[in-house]
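S.K.: My questions all concern the structure below.
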Amino acid sequence: RLLFNLEVHGKMDNTGYCSESFNSLQSGTSDEDMVEITGATLDFSSTDDVPPLDRDYGGSYGAGDGSNGVPKLMDLLDEPVPGVGTYEDFNTIDWVREKSKDRDRHREIATKSKESALALMKSISDAFSGWLLMLLVGLMSGALAGGIDISAHWMTDLKEGVCLNGFWFNHEHCCWNSNETTFQERDKCPNWKSWAELIVGTNEGPFAYIMNYLMYVCWALLFSFLAVSLVRAFAPYACGSGIPEIKTILSGFIIRGYLGKWTLMIKTITLVLAVSSGLSLGKEGPLVHVACCCGNILCHLFTKYRRNEAKRREVLSAAAAVGVSVAFGAPIGGVLFSLEEVSYYFPLKTLWRSFFAALVAAFTLRSINPFGNSRLVLFYVEFHSPWHLLELIPFVLLGIFGGIWGAFFIRANIAWCRRRKTTRLGHYPVLEVLVVTAVTALLAFPNSYTRMSTSELISELFNDCGLLDSSQLCNYANVSVTKSSSDALPDRPAGQDVYTAMWQLSLALVFKMLITVVTFGMKVPSGLFIPSMAVGAIAGRLLGVGMEQLAYYHHDWVIFRGWCSPGADCITPGLYAMVGATACLGGVTRMTVSLVVIMFELTGGLEYIVPLMAATMTSKWVADALGREGIYEAHIRLNGYPFLEPKEEFSHKTLAMDVMRPRRSDPPLSVITQDGMSVEEVESLIAETSYSGFPVVVSHESQRLVGFVQRRDLVISIENARQRQEGVVSASRIFFTEYIPPQPPNSPPPLKLRGIMDLSPFTVTDHTAMDIVVDIFRKLGLRQCLVTHNGRLLGIITKKDILKHMAQMANRDPDSILFN
């Protein structure tokens, strides 16, 4: 009972939480709240995407005698006070209290279900509501993802030309309906006209090339300008990947509006624009944010999830799985991604519901068929030859490259984002996006491998060359082929086009590595999965072609003898591209199990699990040796979010007394006595401090702990009593005791607030080791705990104190922890 009846509330250092006006606290969020998210200072007024939950909690605290952690609120009033028991913006939820509330609600429903048939039906509908919610999240996310895929494909092709049959057709769909398209020139058809053909009448010559070049750059600038303008004007939270913030929210932090309807609407539109602009970014990470927005919005349809922050986070964990499921067509990989990478609390029930939601989303996406190939997977591959054991050596080399690239990218990107936050660069987000788009478009157009969309590039790099392929990468020298076209082709000498393609891919590799560093983190929706995979796929294809030519010309070498005979298909360059993509994505994100499953679901290459596992583990080991944090953890730390990383070990020998506040030089701990303070004294204490909660003690002399009261609950209860309870004035005494002693005649009526006090706050002694305290905070989801010595209250440790202490121990700036 001590562990499961907590109501803990830490100190708040950020401005905007503590306002001198009690009315501003009652209204949910102050109009002056400011928060710095991913480098830009954003202003959020009270017209928020998702209204604060204050008004919804009125009925959730109806019963209890003050001993079960969720008691009756105000003993002198007949009805509960709206807003008590909820959380302010940029605060951490109390997991234990939320779970306790849900257990009480479930117990009450189970008891009533035995009384009548109607109550039994309500009990059944309550149990079914979670599955219904998962169904709705899957349907909505799948439909949005299908629309985003189709729109992005069309707008990407719009930069190069337009379909005369209907401007809404992309290049591929336009040429499908043409009877004059030949197989050799499948991309050329009379119905599709480039901008040069429409404007100057021809597609040949330098003037036509310049016209196409100019239109490509202009469309790219238009798309990126619209994207950054919409984000800046309507939903500043729609920028970036969203996964660092989702991880923080799932750990219990509240960022109101981050998963709201405006964010969903703007992120969906601007994601299409950003991907179509040709910037080096992907849509997979932002799709996780989109799916979580769908989950959060649909939670409002169900009281059970609307009124409980912990239950809502179970839905958001499942929604994160849905996001990856629709991004890659990988439902099982999505569930594992949510479990391994983003979720903080993932019970078995959430695993089942995530699986169901990912299934529904994948089915919805398959019904829409956005890729037009009747396949769910994004990059379907069909390799004809198995891999050989000795090929593990180049696969491990690709893993080493992926680890080195991942560590380099994280350091470079964080350095650039920190520069953006601390210099004038961050004041001009629109200009920054336009400059990066212009540079990207100008450098990308001359190279056919950077001009095409990144998804098309990866698909071409994964492809295994057949007789009918017209790609430059498949233009090998002709040799006599005795096998049918459905079987594997033998290794052949590379033709001139292959060598040209190698040079172009080498330039594309350098370009992608550098431009992605400055692109990720700009004020447009930007994912990292596809650019990272592109870097690895290019490196893998280069190595694969090199190995293929080595095996062709030197098949008598020791490493090839015995398994690579002349005329055999020994090396598959597309497989090397797939392994390289996995290695680079693993080096950047530090994913392991979920990454391997996503990759074989993404490509259909089930028999290549061992090479993928070898490359993934190698890249993680190398990247971890060069830097412990993945890209999402690094951005969480850069933005100062209060996130206790479960994977990080606390190895320092410090005690609770070394971390608690107040320190020896600080003023004494602000406390409230259980029966000796007036309303005026309590209001004065609230106005003079910025703490989000106060310990309640027997007296200032004894300092014996009675309980803990949340600042927000205290302010709302006093304000409500002043308005609705006759006779409550500044001189009224406040009592947290079970019984109010007899009052002198003519004294104002007292105010009994025992109902809002947590009677079982979590406490540790001053000699408790900090590694134990950190484990307690992680595993119980505490906001704070109180420190005692021989039963007397000494101090308090908040989640923010722990994060600052860990930063200090790691020689980092402790003041970088911005939020509570």
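In case you wondered, yes, glycine gets a Cβ from its N, Cα and C as well.
What you are looking at is a predicted structure, and each value in this text was computed from that prediction instead of being measured.
When I checked TrEMBL for this same protein, it listed these features:
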DOMAIN    660-726  domain 'CBS'
DOMAIN    757-814  domain 'CBS'
TRANSMEM  128-148  transmembrane segment
TRANSMEM  213-238  transmembrane segment
TRANSMEM  259-281  transmembrane segment
TRANSMEM  287-303  transmembrane segment
TRANSMEM  315-339  transmembrane segment
TRANSMEM  389-414  transmembrane segment
TRANSMEM  426-445  transmembrane segment
TRANSMEM  501-522  transmembrane segment
TRANSMEM  528-547  transmembrane segment
S.K.: Cβ under 8 Å to the transmembrane segment (128-148), counting only same-chain residues 6 or more beyond its ends: which ones?
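M.R.: 268, 271-272, 283, 287, 290-291, 294-295, 298-299, 301-302, 304-305, 315, 318-319, 322-323, 326-327, 349, 353, 356-365, 367-370.
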S.K.: Residue list, the transmembrane segment (287-303) vs rest of chain: Cβ under 8 Å, 6 or more residues beyond ends.
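M.R.: Sequence-remote neighbours of the transmembrane segment (287-303) are 50, 56, 129, 132-133, 136-137, 140-141, 144-145, 148, 241-243, 245-246, 249, 259-261, 263-264, 267-268, 271, 312, 315-316, 318-320, 322-324, 326-327, 342, 361, 525, 527.
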S.K.: Could you give the residue numbers and ranges of same-chain residues that sit at least 6 residues beyond the transmembrane segment (315-339) on either side and whose C-beta is under 8 angstroms from one of its C-beta atoms?
M.R.: 130, 133-134, 137-138, 141-142, 144-146, 246, 249-250, 259, 283-285, 287-292, 294-296, 298-299, 305, 345-346, 350-351, 353-355, 357-359, 361-362, 364-366, 375-378, 529, 591, 593-595, 597-599, 601-602
S.K.: At a C-beta cut-off of under 8 Å, are there same-chain residues at least 6 beyond the transmembrane segment (213-238) that contact it? List them, or none.
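M.R.: For the transmembrane segment (213-238), the sequence-distant neighbours (Cβ-Cβ under 8 Å, at least 6 residues beyond its ends) are 37, 40, 42, 49, 155, 158-160, 195-196, 199, 245, 255, 257-258, 260, 262-263, 265-267, 269-270, 273-274, 276-279, 429-430, 433-434, 437-438, 440-442, 445, 451, 522-525.
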S.K.: Counting each residue once, how many in the domain 'CBS' (757-814) are helix, strand and coil under DSSP?
M.R.: 23 helix, 19 strand, 16 coil
S.K.: Using a Cβ-Cβ cut-off of under 8 Å, list the residues of the same chain that are 6+ residues beyond the ends of the transmembrane segment (528-547) and lie near it.
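M.R.: Same-chain contacts beyond the flanks: 241, 280-285, 327-328, 391, 394, 397-398, 401-402, 405-406, 409, 449, 454-455, 457-458, 461-462, 473, 494, 498, 502, 505-506, 508-509, 512-513, 516, 519-520, 571-585, 587-589, 631.
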S.K.: Who are the chain neighbours of the transmembrane segment (501-522) in space, where the CB to CB distance is under 8 Å and they lie at least 6 residues beyond its ends?
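M.R.: For the transmembrane segment (501-522), the nonlocal Cβ contacts are 38-39, 228, 239-241, 279-281, 405, 409, 412-413, 416-417, 420, 429, 432-433, 436, 439-440, 443-444, 447-450, 457, 472-473, 475, 528, 531-532, 534-535, 538-539, 541-542, 545, 631, 635.
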S.K.: Pull the DSSP breakdown for the domain 'CBS' (660-726) and write it out as helix, strand, coil residue counts.
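M.R.: Summed over the domain 'CBS' (660-726), the classes give 24 helix, 18 strand, 25 coil.
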